[in-house]
Structures are given as structure tokens and as C-alpha cells.
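TrEMBL has this to say about the protein:
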BINDING   D44, D52  Ca(2+) binding site
DOMAIN    1-131  domain 'Plant heme peroxidase family profile'
Amino acid sequence: MTKRLYNFFPRGGGSDPAINPSFLPVLRARCPLNGDVNARLPIDQGSEQTFDIHIMQNIMNGFAVLESDARLRDDVTTRTVMDSYLGLFNNPLFNRPFFQSDFADSMVKMGQIGVKTGFQGEIRRTCSRFN
């Protein structure tokens, strides 16, 4: 987070230009330079306790907390998928995809990629650290 807010590459300093200017001071207040690197932020500002399409709206409007989410806007293919979830090019002849069910399906699929079992893998007690 620190690099994204204070020393974004390839800009050689400054913040990620994908961050909405009104959101940048909020992020910097929660993650000050040389501050606690373990500070926790909700990744979906405005509907932190609900799993819904709001995160897509945040990403599209520059309120992505995670850089990986912000990069979804950069690629034509992923931006088109996001637009379809948000109904930005809604065609009445077709049903809009359902973000929640698609997300759940993708998590199941990702969970089956190269699954390690027994002594080959581990379940981390703390996500950011190896056991």
C-alpha cells in the first residue's frame, strides 16, 4: 500500500494515478508514510459488511483499495466484464451477469488449481505469513 500511495512505479514517486483524488487523503490518513504496515482497511468502502456489486462501482470510480483491483480498469477485457456487471452497456435482449454467483463460481474454480494436499501444502494461520 505504501508504494501505491507514496512511491508509485513507473511514475517514480507520487501516488497511483488510478486513485480518485478525493480518496487519496483518506488512504494516506489510514496508511501514513512510515506508519503501521499492518493497518487494515475495508476493501469495499461504503458496503464493508455486504457482499455486493458495490466493489465494482468503487473500482470503476477510482476507489479501489487494492492495486490489483484498480488494474482491472486498465485492461479492455476486464473493463468490459466490469461494465457488463454494472450494466453500462445493458442490452434489454440479454440478461446481465450476476456478480455474486460468478464470483462464487470463480472462487471454487481457483480453489481447484494445483491443490496441494498432505505434506505438500499448508493452511496458513495468518494469511500474510508462512507457518
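Even glycines carry a Cβ here, placed using N, Cα and C.
Keep in mind that TrEMBL annotations are predicted by a computer and have not been checked by a curator.
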Cβ-based isolation winner (fewest other Cβ atoms within 10 Å) among the binding-site residues D44, D52: D52
Counts of helix, strand and coil residues, the domain 'Plant heme peroxidase family profile' (1-131), according to DSSP: 53 helix, 2 strand, 76 coil
